[in-house]
Amino acid sequence: MTKTEKKLRHYITKAIADYKLLDKGDKAMLCLSGGKDSFGLLKVLHGLIEDKTYDIDLHVYTLDQSQPGWDDSQLRKYLDDLGVSYEIETKNTYGVVIDKVPEGKTYCSLCSRLRRGNIYRYAKEHKMDKIILGHHRDDLIQSLLMSILYQGQIKSMPPKFVTQDGENTVIRPMVLVQERDLIEFAKEENFPIIPCNLCGSQENLKRKKVKKLIQDLALENPKVPSNILNSLSNVLPSHLMDKNLLNSLEN
């Protein structure tokens, strides 16, 4: 086991323990997009199940969105060799996105909503206890700033949440993992990564701008990323302007 994998194991098991993400006997589906993050999470979590750290029934779900150039042959081989239960489901969400999004606009928002809808539907149909997503620490940091700058809300990606209908529980075991470690791990493991030819081809996305902003700030103060992350668990309601929060503090 490489140093990088040991590091990933440490932070993933810490998040699972700290936020009580998994329970014994869980039937859990890991959403494998074909990118470095979900591949890294799968490899580490599969190893933790193999060595009996976790007693869960793991199923891998991949959504083929019918994008041009999609080739999952190497992904299938990887999953077969790993020996995990999996399903690659084909849905033409690409056609919907191309039809609905005006030329010049970014696809990410609609594409992610359609993908999320299919994930939730599949989880319900197969009675999954948990939906496992591969978002990492940097995703949380960027999402917080994006919510503030572009939506006027203070929110990000929680380690665990239940959907509004109460049907699905979503968990993110990599909330403490840095993207740079996942990049290194992907190089070490040579994962058969499938690039996104839809949103990946679009420049000047908001997330890229926010990522660059954080990187620039970190050059002046390396603690900026960790400070942003820590702010998500160090909330001072009395110092905010939410009337409902302030009223609840007074009552």
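In case you wondered, yes, glycine gets a Cβ from its N, Cα and C as well.
Among the features that Swiss-Prot reports, [4Fe-4S] cluster binding site is placed at CYS108, CYS111, CYS199, with the record citing sequence analysis. For 33-38, the entry in Swiss-Prot reads motif 'PP-loop motif', with the evidence type sequence analysis.
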Lowest local Cβ density (other Cβ within 10 Å) among binding-site residues: CYS108, CYS111: CYS108
Tally of DSSP helical, extended and coil residues in the motif 'PP-loop motif' (33-38): 3 helix, 0 strand, 3 coil
